[in-house]
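Taken from TrEMBL, the feature domain 'Major facilitator superfamily (MFS) profile' applies to 4-442. Summarising the annotation, TrEMBL assigns transmembrane segment to 41-61, 73-93, 99-116, 153-173, 194-215, 221-241, 253-270, 276-301, 313-334, 415-437, 449-468.
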């Protein structure tokens, strides 16, 4: 490959990679700036919007912009935007730099297709451009993760500057030959094929954006480890695209779309924090998208069409898909994580309540867990197993800490489920592009049976993956059944000794109070402790009195049913409690 063609291929891959290269840096950016999940998603969305809008604008003004200056001007602007992002001191500054990057990327991507075709021919130029685009988007997260782990998220942007400037110098010193026009009518509908990119990339961004946040923020893997897992996606893209290249085009679109959707459903139904499950689902996503992309590329960029116009349309469609996906899944994820965080606190409370350990140690552990959450950076999921000091605690207590940590991860993993399923629904719309590619594209041989069989295996792998996950407990992963206090057993804490008796009495009182207020025992305890988000009980004197007396009655009923104390003792205590004024009763139980 000639040097200018190699430089053009590289910058096309870089510009498309920029749509996803910061994905693994989003957690670091999220922690660095005062923002939300929706806010940090605009680091991706802002770039994609800028590319899409600029690409459409360039189609309209193309007649006044020569291809060479258009491409080199785009490279210069892209380098300037990258520098801006690398030195940004606020989220607003970073987003502004991303917009500048996006405008430059739209210009260089629109012009690069025609320049590549001039250097290596229309057919090969189109394939190089499309291949670089797919590879760049898929490899971007892994490359960004490696740079973030080794250096800092800012290096992702700074490192792009010399690459863009080097390509600019190469293009400035080279001269592209004249592009030979080709005759013939396209055998496909470019509009439908281009529209297919919108839904394809809307689904694909779910695997990229959601997968990264899940691996780094919830499962707490390092950016480098997450990058290695994310490499399963481009591996699937390359492998499946080549193996099925000569199957019938419409069959490839439908089969690839189904494989992508199955991969996203597989990510939604992960049965554990397992890298193997995640990698398998990501590979399926990459394989499905790779199969579809190899069909849409020649259909959306026919050799007889003006290359800058058709290339600009494809660039706009791909990035519009990224925007659509992020606009749908980012708010959905934010809402799911809010409710998921609440459920995680409830689950952790329930695990601690059920733990078999002395009451003093249980209270100490509960306070440690609370403080760990309070001290965690905003938006971060604390590693309880590492943060809670278990040096002077029993093995049973250490096991409880690990169990709470595991349950929190499971609940928050489940919170990603609606967003992954929404991405799958968006991706499913890509099957409509099959109507645009029913005829064999120019330059591609007629279909053969072997690639079609490989495609069938790929499609069947999706249901097999989902079935295996369901069999592995995916449907119940992260689910916690809150305890109904009204139906709770009278003997919630078996054992002998004073400590066991004290805990049984305390549980009886807890169940009685929670039942009186119509709350689960976990939510009542959190409301009693004033935990943010659980303070929905109005503690007026009437509510306090009926709650305390219900707690006392239930505790005494359970003691009597278990036979912990003689019947006459319980009768005397019950009479004393019922005749005791509220203020005195509160002092007796330690609430005053």
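In case you wondered, yes, glycine gets a Cβ from its N, Cα and C as well.
Between the transmembrane segment (153-173) and the transmembrane segment (276-301), the number of CB pairs under 8 angstroms, six or more residues apart, is fewer than three, so the stretches are not in contact. Fewer than three CB pairs closer than 8 A are found between the transmembrane segment (194-215) and the transmembrane segment (449-468), and contact between the two stretches is not assigned (pairs 6 or more residues apart). Distant neighbours of the transmembrane segment (449-468): 240, 243-248, 251-252, 255-256, 258-259, 261-263, 265-266, 269, 280-281, 284, 287-288, 291; these residues of the same chain sit at least 6 beyond its ends, with a Cβ under 8 Å from one of its Cβ atoms.
In the predicted structure, the domain 'Major facilitator superfamily (MFS) profile' (4-442) carries a mean pLDDT of 79.
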